[in-house]
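To keep things clear, I will list the structure first and then write my remarks on it.
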Amino acid sequence: MVIFGATGDLTKRKLFPALYNLAKDGFLPENFAVIAVGRQELETDDFRHQIIADLKEFIETPDKKLIEWFEERTYYTGGDFDDDKKLFTDIKDLLREVCQKHDIPENFFYYLATPPQLFANVAGKIHKNGLSKEEEGHWRRFIFEKPFGRDIESAKKLNRELGKILNERQIYRIDHYLGKETVQNILVFRFGNSIFEPIWNRNFIDHVQITVSEELGVETRGGYYDKAGALRDMIPNHIFQLITLTAMEPPVSFEADAVRDEQSKILHAIQPFAPEDVLHNAVRGQYGAGEIEEKKSAAYRSEQSVALQSNTETFAALKLSIDNWRWADVPFYIRTGKRLPAKRTDVTIQFKKAPLMLFRGTSVEKLTTNRLVIHVQPNEGITLHFGAKIPGPIVNMGTVDMDFDYVDHFGEQISTGYERLLYDCMTGDATLFQRADMVEASWQVVSPILDVWQAIPARDFPNYEAGTWGPADADELLAKDGRKWRNTIEVIEK
Ligand code: BG6
């Protein structure tokens with residue numbers, strides 16, 4: 001594995017801990033090694049020292065033997081990514097040396113954890129130096145971190161550039177949400193059971209809500225985030241993955257392209273907004289100062305590396321329509337934001353009310369209808385809410401839950417979310433990675449919104465206090481359809 005951008009946060013927080021977990025569970029072969037590549041000129045020993053110290057911080061109960069195993073298999077080389085020759089010749093030499101030393105059969109995968117503007121350039125140089133060619137049965141694969149493009153034009157351009165030097169089957173566009181167990185479980189839940197699928201459509205479902213909320217602000221990432229914003233950062237990637245898995249038709253098999261064909265159809269069925277739709281069906285917000293868990297929290301505009309008059313949104317909510325037979329007239333409400341009251345990702349399937357209110361006139365009428373909630377994080381599980389009679393001589397109904405909790409049933413799984421994805425790349429399974437057409441279809445939906453938001457700067461920013469559920473307009477988005485976000489109809493049950 002060759003990691004470009006290896007001195008960054010991702011390598012220490014996610015990639016190395018994920019490799020460690022894979023090795024611990026016996027999923028890494030003996031003949032495996034990592035070459036870390038960064039701009040800094042460091043000795044391998046210095047890099048090893050640092051990464052092992054980080055590893056000990058990010059994993060629980062590190063195993064001494066395993067740590068040593070990693071140390072022996074980690075190498076570093078540094079230099080200028082723009083330099084056509086030197087760095088890439090060094091990498092080539094090091095690959096040869098490492099393969100000999102660890103008896104590695106020259107299968108390489110390159111992880112581009114660099115800023116996205118370097119993707120095409122670095123891949124091009126790998127190619128130019130003969131390191132992308134698959135010869136004598138050896139494979140060469142490339143993982144690209146998000147964001148893949150910043151709008152439809154740049155995503156298409158990047159796909160075109162990569163397409164000139166690589167085969168699509170060598171390209172793995174990663175989205176770490178697909179590495180989450182509960183996200184993968186959406187497919188098993190839907191297609192491994194027979195009782196849900198018959199009601200998973202417009203005849204029974206009133207609407208779907210997806211919330212991805214975070215308590216965190218932008219921390220040290222202001223430089224990136226201020227140019228990206230909540231919509232680009234979370235929606236065409238993470239949230240669209242949740243939508244496709246929730247909404248797709250059953251695939252004909254679990255082969256990568258069979259699954260991705262169905263996901264792609266959903267992305268193409270999401271209706272792009274005309275400019276006037278943006279005004280009605282999209283809401284943006286930016287946090288001002290506030291309080292989270294009794295701690296004072298600064299306004300977005302006073303965060304590090306954020307412009308003082310920044311117009312970047314830290315909250316976005318959309319009402320989407322999926323125009324196909326299954327989902328016509330079933331709105332998908334999605335929202336994401338920073339500095340909200342809780343870290344929570346969930347998908348709520350709100351079923352229609354019973355056709356006849358037999359209990360009219362009692363408190364029953366006020367009850368919300370059946371709801372299925374897929375809790376992606378932090379407390380992974382699934383809850384089905386339904387009405388039940390409260391014992392007593394008068395008819396009084398309350399809502400009760402049937403609850404499945406991952407940890408209760410399967411015990412705690414220690415995972416960064418990257419394990420499965422790295423493993424799949426090594427074994428050549430691209431099911432959980434995005435294809436070129438999927439990325440483009442996602443930007444196709446999002447780009448018109450970005451255009452309108454850029455053309456008409458928000459006049460009311462900041463428009464929500466840190467520690468609240470976003471701007472009032474986000475509630476209004478549902479209220480005008482006679483609906484409410486789940487957190488406002490019940491105490492968050494997880
Ligand atoms: C990243 C975004 O892709 O996902 C971050 O760039 C965000 O802004 C993060 O915080 C959320 O991931 P998770 O796994 O913590 O929900």
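Keep in mind that glycine also has a Cβ here, set from the backbone N, Cα and C atoms.
Feature list (source: TrEMBL):
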ACT_SITE  H238  active site, proton acceptor
BINDING   G5, A6, T7, G8, D9, L10, T11, K12, R39, D80, F81, K146  NADP(+) binding site
BINDING   H176, K180, E214, D233, K338, K343  substrate binding site
DOMAIN    2-185  domain 'Glucose-6-phosphate dehydrogenase NAD-binding'
DOMAIN    187-486  domain 'Glucose-6-phosphate dehydrogenase C-terminal'
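Each of the binding-site residues D9, E214, D233 was scored by other CB atoms within 10 A of its CB, and the lowest score goes to D9. Listed in sequence order, the residues of the same chain lying 6 or more apart from H176 (substrate binding site) and placing their CB within less than 8 Å of its CB are K14, H238, G417, Y418, L421. The closest partner of K338 (substrate binding site) among the binding-site residues, by CA position, is D9; the full candidate set was T7, D9, T11, R39, F81. Cα separation, T11 (NADP(+) binding site) to K180 (substrate binding site), rounded: 18 Å. Counting only same-chain residues at least 6 apart in sequence, those with a Cβ under 8 Å from the Cβ of G5 (NADP(+) binding site) are T11, V37, G38, L112, A113, T114, P115, L118. A C-beta separation below 8 Å, combined with a sequence spacing of at least six in one chain, links R39 (NADP(+) binding site) to T7, G78, G79, D80, F81. Candidate binding-site residues: T7, T11, F81, K180, D233, K338. Those with a Cβ under 6 Å from ligand 1, in sequence order, are D233. Comparing C-alpha positions, D9 (NADP(+) binding site) sits nearest to D233 among the binding-site residues K180, E214, D233, K343. When pLDDT values are averaged over the domain 'Glucose-6-phosphate dehydrogenase NAD-binding' (2-185), the model yields 94. Around K343 (substrate binding site), taking its Cβ as the centre, 12 other Cβ atoms fall within 10 Å, counting all chains. Residues near K180 (substrate binding site) in space but far in sequence (CB under 8 A, at least 6 apart, same chain), listed by position: V376, Q377, G417. In terms of local Cβ density within 10 Å, K338 ranks first among the recorded positions H238, K338.
The local packing around T11 (NADP(+) binding site), expressed as other Cβ atoms within 10 Å of its Cβ over all shown chains, amounts to 22. Its Cβ placed at the centre, F81 (NADP(+) binding site) has 17 other Cβ atoms within 10 Å. Taken residue by residue with DSSP, K180 (substrate binding site) is part of neither helix nor strand, so it is coil.
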